[in-house]
Structures are given as C-alpha cells and as structure tokens.
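S.K.: I grabbed these lines from Swiss-Prot:
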- Cys3-Cys14: disulfide bond (DISULFID)
- 10-132: domain 'C-type lectin' (DOMAIN)
- Cys31-Cys131: disulfide bond (DISULFID)
- Cys38-Cys133: disulfide bond (DISULFID)
- Gln96, Asp98, Glu104, Asn119, Asp120: Ca(2+) binding site (BINDING)
- Cys106-Cys123: disulfide bond (DISULFID)
Amino acid sequence: NNCPHDWLPMNGLCYKIFDELKAWEDAERFCRKYKPGCHLASFHTYGESLEIAEYISDYHKGQAEVWIGLWDKKKDFSWEWTDRSCTDYLTWDKNQPDVYQNKEFCVELVSLTGYRLWNDQVCESKNAFLCQCKF
C-alpha cells in the first residue's frame with residue numbers, strides 16, 4: 001500500500017480524518033486541494049463503512065460529526081458522490097434522510113452510531129471530514 005502512515009489504506013485508496021471543523025463545500029475543496037484526484041470519501045459496501053467507522057473511532061479527536069462526499073446537489077433527493085462513483089450503497093440512520101425544513105443536502109457520519117450510519121445535514125454546518133486520495 002502506498003498510503004502515508006496516518007492514512008487508512010482500503011481497496012486501492014487512502015482515507016484520512018481531518019479534525020478541523022469546516023462547512024461541507026470547504027471540506028470538499030480542502031480534499032481536492034490536498035492532492036489532485038482527492039475528494040470527500042465515498043463508500044460502496046458495508047465492509048468499507050465498518051472499516052472507516054473503526055478508523056475514525058480510533059483517530060478522530062473530539063465528538064464532531066464527520067462529512068463524507070455524498071450530497072443532494074440538485075436538491076431533489078438524488079444523492080450523489082463528489083468523486084462521481086456509483087451511489088450503490090446507502091446506510092442511513094433511522095428516519096433519515098429527512099431533508100429537515102428543506103435545508104439538509106449534505107451527508108455526515110453520525111458519531112452516536114459509532115460513525116457507521118449517515119444523516120443529511122445543513123451543508124453550512126461545521127464538521128470534521130474524511131478525505132479519500134490515491135497516492
């Protein structure tokens with residue numbers, strides 16, 4: 001694996017939690033600037049989401065929720081990944097997504113679920129975030 005030592009290697013990609021609190025779009029911009037081809041993280045299997053949850057539980061300092069790369073760009077309940085990968089796996093927390101007050105269009109990992117389940121959230125909320133890169 002070619003991942004730097006504090007990144008999680010998985011399926012040919014590398015993942016890292018950043019504890020700095022940012023709004024969703026700023027977090028995506030940060031990941032993209034980190035290295036070409038980087039994005040907020042995407043997930044495609046239950047196994048991946050468990051491994052990520054374990055990694056975040058081990059390395060995340062603080063209690064903040066964690067942004068991932070899923071968003072409802074068109075605001076029409078069509079969730080998509082910023083890396084344009086296939087939206088083939090969704091693991092929402094119960095009663096989510098609810099697009100509460102028609103304002104929640106970005107997706108976070110919920111700390112109370114051990115970072116295993118997802119919630120839609122107001123994109124301007126400040127969260128920690130998970131970048132995914134190829135090195």
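Start at 1 and count along the chain as shown; that gives each residue its number.
Cβ atoms are placed via backbone N, Cα and C, with glycine included.
Map these features onto the structure and tell me what's around them.
M.R.: Predicted-model confidence for the domain 'C-type lectin' (10-132) is 96, expressed as mean pLDDT.
Cys131 (disulfide bond) falls within a strand when secondary structure is assigned with DSSP.
Around the Cβ of Cys133 (disulfide bond), the number of neighbouring Cβ atoms within 10 Å comes to 20.
Counting only residues at least six positions away in the same chain, the Cβ atoms of Leu117, Trp118, Asn119, Asp120 sit under 8 Å from the Cβ of Gln96 (Ca(2+) binding site). DSSP assigns Gln96 (Ca(2+) binding site) to coil in the three-state reduction, placing it in neither a helix nor a strand.
Look at Cys123 (disulfide bond): DSSP puts it in coil. Other Cβ atoms within 10 Å of the Cβ of Cys123 (disulfide bond) number 19 in total over all chains.
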S.K.: For Cys38 (disulfide bond), what is the secondary structure state per DSSP, taken as helix, strand or coil?
M.R.: coil
S.K.: Which three-state DSSP class does Cys3 (disulfide bond) fall into?
M.R.: coil
S.K.: Just name the most isolated of the binding-site residues Asp98, Glu104, Asp120, going by other Cβ atoms within 10 Å of its Cβ.
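M.R.: Counting other Cβ atoms within 10 Å of each of the binding-site residues Asp98, Glu104, Asp120 gives the minimum at Asp98.
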